[in-house]
Structure formats: C-alpha cells, structure tokens
Amino acid sequence: MDNEVNEICNILGKDRWGPHVEEALERINDKFHPGHVAEVLKRQKNVDTALNYIRWVQKKNSNQNRPEVYDVLLMVLANSKQYDKLQDVFEEMSIAGFQPHFATSVKLVSSCINSRMPKEAADMLLAMRRLKFQPAFSAYTTLIGALVEAHEPDMALSMLKEMQEIGYEVSIHLFTTLVRAFAKESKLDAALSLLEETRSNALNADIVLYNVCIDCFGKVGKVDMAWKFFHEMKAQNILPDDVTYTTMIGVLCKANRLYEAVELFESMELTRKVPCVYAYNTLVMGFGNTGKFDEAFKLLDRMREKGCKPDVIAYNSILTCLGKKGRVVEAYKLFDEMKKDAEPNFSTYNIIIDILCKADRLDDAYKMQDLMAQAGLFPHVMTMNIMIDRLCKGRKLDEACNLFESLRAKGCTPDSVTYSSLIDGLGRHGRIDEAYRLFEKMLDEGHAPNAVVYTSLIKNFFKCGRKDDGHKIFKDMIRRGCKPDLTLYNIYMDCVLREGDINKGRGIFEEMKHHGYVPDVRTYSILMHGLIKAGEARETYKLYYAMKEQGCELDTHAYNTTIHGFCKSGQVNKAYQLLEEMRVKGHPPTVISYGAVIDGLAKIDRLDEAYMLFEEAKAKGIVLNVIVYSSLIDGFGKVGRIDEAYLIMEEMMQKGLNPNVYTWNCLLDALVKAEEINEALICFRSMNDLKCSPNVVTYSILINGLCKVRKFNKAFVFWQEMQKLGHFPDVITYTTMISGLARAGNIAEAQDLFEKSKARGQKPDSACYNSLITGLSNANREMEAYSIFEETRLKGCRISVKSCIILLDALNRAGNIEKAAIVGAVLKESAKSQHAANFL
C-alpha cells in the first residue's frame, strides 16, 4: 500500500494540478484503493492539490468518500488555516450522511486556538450545530477556556448554552470559570446570573466557586458582596480554607477596612494550630500599605511565637511598603534584620535598589549590587531595568545611558523592558533622536518593540513638534505587525487633535472602533476636548450620549470636559445639570467644573445665577482662580455693571491673585463701552504699576475708546507706543486707528496707514474699507474714494449703505454721473438685499 500511496504523492507533488496530473493518475487507476485517499491527503501540504485530488477521486469512482477521508481533509484545511473552506466540507459530509469524528472536532478547535482565532472556532462549532453535527464535549470545554483567556466571556457563555442544548452535563467547574471571567470584566450582573443558574440546575457550589467569587467581587471593589459569599459558604456548611481567609483578608485590606481584616484574622487563628503564612503575609502588607509598621512588626513577632519564622515574602511586603512611604533608613535597617529569619532573594535586593534609586542614593544602589554578587545573586537584567528606569525618571539620562552600555560587561543582556525605559526617558526629555537611534538598535538586535515603545516614540515626536515622524512611527508599527492597544490609540488621537487636525483625529477614533476596541471614558474625553478646542463644541452632546449608552462611568476629567463643551455650545442648562450629577455620582465638582458653568452663564447675561454659583463654590472651599474671577468681571462689564466688576476685581486681589492681561482687558473694554475713557486710562496705569504687560488687545481697546471720544492725538500716541514695545497691530487695531483718523478728517494719515497695513500682509476688513470710503468722500476726494470702493467690491467685502450714500453724494457734487450710476446700482442692490433679509 505504501508504494501506491508514494506513487500518487509523487505525481501530485511534481507540478500544479492540471490535465497532465489527471492523465498520470489515470494511468495508475487500477492501483486505486479507497484506503489510499486518506493516506494521500495526510501527506498533502498544498490545500488546493488536496481538494482537487478529492474531487478527482469522487468523479472517477462515482462513489462517496469514506468518513475518515473527510476527517483528514478537514485537518488539512485547518492546518493550512483555510477555515473559510471548512463550511463546504461540512455541508458535503451532511449530504453524505456523515459527521466529523469527536476527535476531529477537538483537533479543529485546538487548531483555531493555536492560531489565536477563538472566535473562528466558535463560528465553526455553530456551523456544525446548524448541520445537526454534535461536536465533542472537550471541544466545547477547550474553546470556553480559550474564549475566557481572550476576554470574550459572552461568547464563552453562548458555547455553554450550546452544550446544555445538546444535553451535555455541565459541571460546576465550567460555571466557576465563567463567573471568574465575567467578574474580571466587571460584568457583575452576568456573574450573579450565572450563580443563580447553578442553583436552579441543582449544582452544589463548592469551596473553589466561593473562593473565586470572593476574590473576583473583592477585586472590583464589591467588598460587601465578597462578605456575603464568605458568610453564605459557612451557612452551607462549607468550611473556609486558608485560601478563603487569605483572599477575604486581602479584599478588606485593599478596601482600607483594616479593622475587619484584623477581626477575621483573629477568628481564623483561633481554629488553627499551624499559622497560615499566606494570611500573615497578606495582613502584614495591609498594615504596611496604611503605614502601620509597628503593627506589621508585631505580627512578625507573633509568627515567631507560634513557631513559624517569617519568610522572605513577609519581609519583602514590608520593604515594598516602606519604599512607597519613602522611609529609606527603616528599609535599610529591616534589610539587615531580616537575615535572622530569611535569606534575601532577587526581589529583596531589587526592592532595596529601587528604594535607593528613588531617594537619589545611587552610590548605595551600586553597593547593593555588589552585595547581591557576594550573596551569589549576580545582578539580573531586572535589577538593571529598575536602575535605568529610576535614573531616567530622575533626569539622570547620561548615567542611565552609561549603565545601559555597561550591561553586557556585567553579564546582562538588555531586554525589551530595558530598551523601553531608556527610549521613553530620552524621548520625554527632548532627546528624541537618541531615542530613535536606540529604537533602531533594538530592532537590529531582534527585539520586537511592543505598543508601549511605539506609544512613547509617537507621543515624544509630536511633543517635539515633529508630527510627520510621529505619523511615520505609527505606520511603521502597523507594517511590522505590532497591534496598537487602546492606550496607544488614545495618545495618538490626543497628539493629532492637539495639532488641530480634527479630521485625522476623528479618523483614528473610527479606526480603533473598526479594529474592535471599545472607546473608554478617556477616549471620549480626548475627542471632546480636541473638538471643543477646534471650535466644534456642538458635537459634545452627541459624544456625551454615545459615552452614556456604552455604559462608560464618567470620571471628574470627563465631567469637566463635557461641562466645558456644553457651555461652549450654548447648552448651559445641561451643563448645570451635569454639575449636580457629578455630586450625586460621588465626584465633587472642581474649580474647572464651577469655572466652566460660571463662564457659560456670564456669557449669556445670567449674571446673578453666575454670581450665586461663584459664592457656592467659595462656600464649599473651592479655591477659585484668576480665570473664574475674569469670567465674572467680563460678564458684569459687558452689561455695564462696572461697579460690581470692580468689586470682584478688588476681591480677587485681596485673595492674593494678580489679574492677568485678559482680566484687565475685560475691565478696560467695559469702561470704553461706557465711554469712561479717563477711568480706563487710570486702569491702564494700574495695570503697568502691577507689572502686567499690555498686549495688542489692550492697546486696541484704548485706541478704539480714544477714537470714540475723538481724542485722536492721544490714540496715535498709544499707536506709536505699542509698536515701540514690539506689539504689531492686527487688522482690528489698524481698522480702529484708520476709522478714527478718517472720522477726524486726517485722511492722508488714514490712507497712509491703510497702505502700510496691506504692505504688512494685513487683509483689511469691511469696516476698514467703509471707514476710508466715508472719510475720502467727506474730504471731497471722491475719485480716491471710488477707487477704494472698487477694491472693496473686488475683495468681496460688504459695502455699507451709509458708505454708498456718502460716496454717491460726493460723485454727484463732482458731476461724475457715470461712476455715480454704478454706485447707485450697488446701493439699490444692497437695499434690496437688506429688505429681503428683514422680510425673511
């Protein structure tokens, strides 16, 4: 038989399928045996050849393939990852009255899982069920485990339901696996529903299920629920074991319910002759995290009294906590004392080195490395990674680079973590070219950069103003097959939006969803902030409700961003409601929250409400900043309530807050609009006395005010002063000054200023053009006025009715009928447009 099979395989392997292959097979047809087919298929690596051979056999022998042939064909397809072709084979098997062997269904599922395609495995089992096939019990259990591992608990649950429909008896172990999966994904309602199902199916919960429930619910902060499970298991006559007690004590410690943890520990100790070392270590960590080191040391003494020496884990726990609290001397002392009970291990030395590096005691950290070597624990790459990371965070980049270069001499080979820390450190401190060279070295040495490395490079290229390089890094990451994670997408989108590229930012948001990532609360906050900054705050409403529908729990930053967006888009009432919702949801409003709503109310003249909110914020102990005070000063000033604006300014200064240029500009603008120009000039002097430098806006406000009261000479003095200080007038300042000079009859100066503004690249606006047309017409310089009139039309700027009438009169007086007719026609058209607009 082997000879015949070899002969067929040789024919199939010589060339691609075609008539010549079929002819060669025809010549040995007499040697054909049904048992040959499966053996031939097993040896085929080319899927198309295997399928063509099967079809040829069917056609030639006019009979169906045997079941084992189909099983082999299925495995050939699976091994070649041609999962899309399995459906056709399943259907052919169904027509022939066959179904895959149990072992084949298990192998198919395992093949998909090994290819990291658990969803495809689930689809395959569903396809088999539609054709009335019955996959093996272990095919389902293997797949459920893989789906849980891939964070797909909902799909795993649907597989469990399939099993039950087939009639397989589902064990408590499978329910336990799914309860753990749902709890880890914070889908607590689904986890509780599964627990109820175990009861309805008369499945007795065992100690493993209870321990899983206590652990999972405790880790997501549902401490009372964890307590409930603890008491329930005792009520069911299931005695808590060491794992139960240790887990529950850990949950209570993490929730800062240390008193209850101690009580539970005491009750556990009463029933045990031999101390539970894990429980001791957990409580030691609990005391350490809360800074209760005396209690932690007493617990170690208690262990010794019970005849059980504290182990290295207990000491490492206390050392870690001392490090977090910055208690370096005590950590060093404990390190020496621990040797009486336990030998320091790699983790111990790494903890101490980390503590010393954080405290900037680098010489001591190097000495600790020597002690490691003396203890026979030669510094591991993890130790070096700790030092490099701490040096980078402490801005000691040259020392970090030197240590990196010396690693191989110390017998350590840099790993991806080493490269990641140094690349990020260099990038964050502006040495992005060095960071990129290190990245290239990392690639040359065969290390595959992960999303963390790419995130760092993208962020730091954008931070240095090199957005094109940032985009290239993202493309390079995709090309190299590194899958971006949600954090990378968030940071990339944030960088792009900060550059003002709104369309690209939206594109990244859609791309991450397309690739199966569910935007989180940070994603939405970044997108909203970018859109608000770009003047597209109206989209806040849509994004807010998308976030709510998705089930995102808003944090303080998300609330503040949304409130800001609502205020900017004029939905102040909605922003006010969110301020109240923040309180209800346990997020106390901050100065940013109050500031946004106060500013929103002030801008729509609801000043009394804004002031009440201002007083409420102060009563709640919120430290208000210059921005909040400036919003009220601006609001009161705009409606002419200048005395109240002054009082708020005075209060702000009494609080030790110095008004910034924006604050002064708000007050100056209010005084100018009220034609209190002398008071405005006094304010301007106060501004200088308080060392607050005026800007272009400040001078524009004063020049405008002086021109309004016809103090053109004084206005011109300010005009010259601002330029001496290096403030170049903008189009508004030019328009203000040109209009003032024109109204004063200083046409030559106005026209000269007009030409200078254009020479500087300024684009005159309609107000500027109209002021000059009016001034020149009144000065009987109608031809120059007409020339400006033509230029205004050519630029597409609107010519006011008043300017047209004054120019028309000047042209008529000069007898220039032809040009007067043109101006008259424009005037008539303008009047029609205005009438139509009023009518509409």
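Think of each number as a place in line: the chain as shown, counted from 1.
A Cβ is built for glycine as well, from the same backbone N, Cα and C atoms used for every other residue.
Remember, TrEMBL labels are computer predictions, not curated facts.
Marked as repeat 'PPR' by TrEMBL: 66-100 (among others).
Long-range contacts of the repeat 'PPR' (136-170) within the same chain, counting only residues at least 6 positions beyond its ends with a Cβ under 8 Å from a Cβ of the stretch, are 102-103, 105-106, 108-110, 113, 118-119, 121-122, 125-126, 129, 177-178, 180-182, 185, 187, 190, 194, 201, 203. For 136-170 (among others), the entry in TrEMBL reads repeat 'PPR'.
Listed by sequence, the residues of this chain that lie at least six past the ends of the repeat 'PPR' (206-240) yet keep a Cβ under 8 A from its Cβ atoms are 172-173, 175-176, 179-180, 183-184, 186, 188, 191, 195, 198, 247-248, 250-252, 254-255, 257, 268. Marked as repeat 'PPR' by TrEMBL: 206-240 (among others).
Annotated repeat 'PPR' per TrEMBL: 241-275 (among others), in sequence order. Note on the repeat 'PPR' (241-275): mean pLDDT across this stretch is 84.
TrEMBL lists 276-310 (among others) with the feature repeat 'PPR'. Helix, strand and coil content of the repeat 'PPR' (276-310), in residues and according to DSSP, is 26 helix, 0 strand, 9 coil.
Through the fold, the repeat 'PPR' (311-341) approaches residues 277, 280-281, 284-285, 288-289, 291, 293, 296-297, 300, 303-304, 347-348, 351-352, 354-356, 358-359, 361 of its own chain, all at least 6 residues removed from its boundaries and within a Cβ separation under 8 Å. TrEMBL lists 311-341 (among others) with the feature repeat 'PPR'.
Positions annotated as repeat 'PPR' by TrEMBL: 345-379 (among others).
Within the chain, the repeat 'PPR' (415-449) has long-range Cβ neighbours (under 8 A, six or more residues past its boundaries) at 381-382, 384-385, 388-389, 391-393, 395, 397, 400-401, 404, 407, 456-457, 459-461, 463-464, 466, 469, 477, 480, 482. Taken from TrEMBL, the feature repeat 'PPR' applies to 415-449 (among others).
Residues or ranges marked as repeat 'PPR' in TrEMBL: 485-519 (among others).
According to TrEMBL, the feature repeat 'PPR' maps to 660-694 (among others). Counting residues of the repeat 'PPR' (660-694) by DSSP class, helix then strand then coil, yields 26 helix, 0 strand, 9 coil.
If you look at the repeat 'PPR' (730-764), the same-chain residues 6 or more away from its ends with a CB under 8 A from one of its CBs are 696, 699-700, 703-704, 706-707, 710, 712, 715-716, 719, 722, 771-772, 774-776, 778-779, 781, 784, 795, 797. The repeat 'PPR' annotation in TrEMBL covers 730-764 (among others).
Annotation source TrEMBL lists repeat 'PPR' at 765-799 (among others).
Cβ atoms under 8 Å from those of the repeat 'PPR' (241-275) belong to residues 207, 210-211, 214-215, 218-219, 221, 223, 226-227, 230, 233, 282-283, 285-287, 289-290, 292, 303, 306, 308 of the same chain, restricted to positions at least 6 beyond its ends. Helix, strand and coil content of the repeat 'PPR' (136-170), in residues and according to DSSP, is 27 helix, 0 strand, 8 coil.
With DSSP classes pooled into helix, strand and coil, the tally for the repeat 'PPR' (311-341) is 26 helix, 0 strand, 5 coil.
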